[in-house]
Amino acid sequence: MKLFEHKPFDPRAVMGFGVLNGISIGLLNLSLGFNSVGFYQMTKLAIIPCTILLETLFFRKKFSRNIQLSLVILLVGVGIATVTDLQLNVLGSVLSLLAVLTTCVAQIMTNTIQKKFKVSSTQLLYQSCPYQALTLFIIGPFLDGLLTNKNVFAFKYTPYVLFFIVLSCLISVSVNFSTFLVIGKTSPVTYQVLGHLKTCLVLAFGYVLLHDPFSWRNILGILIAVIGMVLYSYCCSLESQQKASETSSQLPQVKEGETDPLINAEKGTGDGVAKAPAWNSNKDLHA
């Protein structure tokens, strides 16, 4: 349909990224299966602090106190609204820890790869989705059989079931597009903030459309979370304006790309244009 141009780049980076994404999806589902819903929600809340920690350690990215405060308010609100019970077990805790780490690294790589190789979200998704699909196709049926003693290929797939499988796949494709686009244009932390907004909307729509039980705790948590989101958006906009004004004032002295720690443009080129460095064995993959 020519909606985007195929742009191949470092195959090792693409394969590692695709496999890591597949493993992340599998671990998140296993975490939900082996933990209570409350503990799983705590796992999702831990992704933002972990992402901030990794970006601070490996990319020297700085988060202002205002942004940190807004994120704390957001996490407290979502925690109040969603976390109900906390039942701990060793296997579930280990799976949750691995799920948080792989998810954070995968989302950071989504942003880093797009900037480093100058590819769009669609180009990256096109390159990596075969590896992601293959990873899930290999480990999925095996784990299903191991955990449920049932063979997914022995299931009777009626037209009704197939319709909803295809519908689920189409929705998942749109989710993948939006995920890569949001992370590429903003940041992994902003994407997680958007994800928590989704959680609040799920609770609200569940009450309005499906008449799910709704307590004062849910209402209070959603209100606090929305306040945190508004503060985060305001702080991000304010800092973006400040950076834009600083960049424009220093334009003759600063080359394009040198202010972004994720790109790390090389210096000293003869034509004055910053070039992206070659993809090394990559801190992202070992983060």
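Placed from the backbone N, Cα and C atoms, the Cβ positions cover glycine too.
Taken from TrEMBL as is:
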type: TRANSMEM; residues: 12-32; note: transmembrane segment
type: DOMAIN; residues: 20-233; note: domain 'Sugar phosphate transporter'
type: TRANSMEM; residues: 38-59; note: transmembrane segment
type: TRANSMEM; residues: 66-84; note: transmembrane segment
type: TRANSMEM; residues: 90-110; note: transmembrane segment
type: TRANSMEM; residues: 131-148; note: transmembrane segment
type: TRANSMEM; residues: 160-182; note: transmembrane segment
type: TRANSMEM; residues: 189-210; note: transmembrane segment
type: TRANSMEM; residues: 216-235; note: transmembrane segment
type: REGION; residues: 247-287; note: region 'Disordered'
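Between the transmembrane segment (90-110) and the transmembrane segment (12-32), the number of CB pairs under 8 angstroms, six or more residues apart, is three or more, so the stretches are in contact. Segment contact holds for the transmembrane segment (66-84) and the transmembrane segment (189-210), given three or more CB pairs below 8 angstroms at sequence separation of 6 or more. As a whole-number mean, the pLDDT of the domain 'Sugar phosphate transporter' (20-233) in this prediction is 90.
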